[in-house]
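TrEMBL annotations:
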- 21-39: transmembrane segment (TRANSMEM)
- 46-67: transmembrane segment (TRANSMEM)
- 145-170: transmembrane segment (TRANSMEM)
- 204-223: transmembrane segment (TRANSMEM)
- 235-258: transmembrane segment (TRANSMEM)
- 264-282: transmembrane segment (TRANSMEM)
Amino acid sequence: VLCFSPQNSSEMPETITSRDAARFPIVASCTLLGLYLFFKIFSQEYINLLLSMYFFVLGILALSHTISPMMNRFFPANFPNKQYQLLFTQGSGESKEEIVNYEFDTKDLVCLALSSVVGVWYLLRKHWIANNLFGLAFSLNGVELLHLNNVSTGCILLGGLFIYDVFWVFGTNVMVTVAKSFEAPIKLVFPQDLLEKGLDADNFAMLGLGDIVIPGIFIALLLRFDISLKKNTHTYFYTSFVAYIFGLGLTIFIMHIFKHAQPALLYLVPACIGFPLLVALAKGEVTEMFSYESSAEILPHTPRLTHFPTVSGSPASLADSMQQKLSCPRRRRQQSPSAM
């Protein structure tokens, strides 16, 4: 489950440090075991009802944020776009503190309405397409909102979750039990009987969102490393992207051969780390790769990083906010790391 920490529009995404990366598998293990015990002790029906309502709201917001840039292309130039602001404060005078400060416009409301249709569809039918739409939205927002500070931190994080995934899938039945019991869009499902039953398929293979987001933020780090080299090539990004496809394909192949659930990170981690490392060895850039520190860079093609719909800002005010970020020094406040 991805929990997004609130951010101001003047702040960069949450950065995962080496300490966060080392603690991540431990926190994830405690959370997984807690969910497993929860399902064993309490009624699964009521737990999933509560979770469905929670992810109904969170999924609508995530999907609305994801489709907003695409939907902006379909609005005519004369569309009556009005600006709104939702503001909640606490206290008064000098002690007044903003709790929620969210700016949005009419276009955002249209995206929210469309996302609500998907949300109602998911809530009523739990259809696999609606589940996957929410799952993809969570994954995209997760990759946008979480950053690794360097390659060493990425290796620590991926290595720790490699052990975590292998232990909880092969060592116990906890992971599989929670994944099957958890009726929430925390996984992508792929119908294996699609050709037989069409959209009514009910026999699924599953891929957890963690198997998308964790390698995804590492691949995004390599893209920023590519840009830092200023060679106008994306060698490490494309290499790691192909490596992810290869690792995922290998996971599916092994799963069908042995007819048993497979920990995807068992194959994804060696591929996503090994392939770029081999390229760095061949190009003599291993030192540059491991000495690279991801700073407050903003990639030109990812301008939506600070506009998740629970924070200040909106797509309509993107140009102004981006100019302010580039011209004004950043001041970050301490936040607790986002958790999965």
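A Cβ is built for glycine as well, from the same backbone N, Cα and C atoms used for every other residue.
Heads up, TrEMBL stuff is auto-annotated, nobody curated it.
Within the chain carrying the transmembrane segment (145-170), a Cβ under 8 angstroms from the stretch's Cβ atoms is held by residues 4-5, 7, 12-18, 20-22, 24-25, 28-29, 32, 176, 210-211, 213-215, 217-218, 220-222, 225, 261-266, 269-270, 272-273, 289-290, 292-294, 305, 308, 338, all 6 or more beyond its ends. Put simply, of 46-67, 204-223, 235-258, the stretch with the most CB pairs closer than 8 A to the transmembrane segment (264-282) is 235-258. Beyond the transmembrane segment (46-67), the same-chain residues lying 6 or more positions past its ends with a Cβ under 8 Å from any Cβ of the stretch are 38-39, 108, 111-112, 114-116, 118-119, 122-123, 133-134, 136-138, 140-141, 181-186, 304, 307-310.
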